[in-house]
């Protein structure tokens with residue numbers, strides 16, 4: 001096996017989600033409906049932001065990009081998860097597995113940085129209102145989005161450059177419904193301990209840093225509102241609670257899985273259903289559909305369509 005650089009494994013077998021036939025049918029229907037909601041809800045937000053000039057602002061520009069990323073992240077995993085639920089033999093080719101790994105981490109890394117940019121925008125609007133237009137000017141918003149994508153690509157390529165050179169010649173069973181770095185690296189026919197550690201530390205460090213930045217931004221916002229409202233935090237907490245909930249739901253699986261290399265349980269496949277299906281479905285509701293500006297824009301669009 002020394003010097004072997006070419007994979008002889010042509011496909012991986014995914015164990016998927018376990019359960020009775022009734023449970024699998026229920027999950028199939030549930031995730032199919034969630035996927036439909038993700039596609040329709042997020043694409044509606046993108047269309048609305050583009051079509052309504054009243055929503056041509058930094059906040060909605062970033063939200064439209066977040067919706068596109070959520071659609072991409074879900075399309076990478078949910079359709080296969082749904083179709084595989086009712087299959088006995090779940091197989092994914094080596095090339096498709098590697099592509100799925102790349103897209104998951106590109107989209108996930110990009111979304112993390114985009115959430116930080118959105119939190120910075122909220123911080124600027126609440127804590128530095130006089131400087132908001134300068135801090136969140138259109139060129140800077142575009143720069144935020146570009147940097148998010150560049151960071152996502154660098155993040156995935158730094159790990160993919162390791163995994164692509166590993167030999168795969170032995171077991172090819174993955175105890176999950178999707179491909180990911182920790183699971184795939186464990187199947188390599190070489191001592192992959194250092195690659196496992198680097199890959200998980202990379203994702204774990206990125207998750208922890210971005211989560212800390214988001215947490216810090218919420219603290220600054222709450223402190224600023226508390227000082228300006230003579231201690232009344234209820235309104236600010238009500239506004240931010242939904243955002244904080246989505247952030248916690250998104251980052252908890254990432255931190256839990258990637259802060260510990262060498263996964264020995266299958267808990268990750270259950271936790272990441274939140275990131276792939278539930279959080280993308282919640283984002284349109286949490287960030288935009290509950291927003292008065294978006295509701296007004298949707299009503300204007302409805303009236304135009306009825307003319």
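Heads up, the Cβ atoms here are built off N, Cα and C, so glycines get one too.
Note that TrEMBL annotation is computational and uncurated.
Checking the ranges 62-82, 167-187 against TrEMBL, the transmembrane segment annotation falls on 62-82. Counting same-chain residues at least six beyond the ends of the transmembrane segment (237-260), those with a Cβ under 8 angstroms from any Cβ of the stretch are 108, 111-112, 115, 122, 182, 200-204, 207-208, 210-211, 214, 218, 221-222, 267-268, 271-272, 274-275, 278-279, 282-283, 286-287, 290.
Panel annotation: around the transmembrane segment (98-120), residues 59, 62-63, 65-66, 69-70, 72-73, 76-77, 80, 92, 135-136, 141, 144-145, 147-149, 151-153, 155-156, 159-160, 163-164, 178-181, 184, 203, 206-207, 210, 213-214, 217-218, 247, 250-251, 254, 275 of the same chain, lying at least six beyond its termini, place a Cβ under 8 Å from a Cβ of the stretch.
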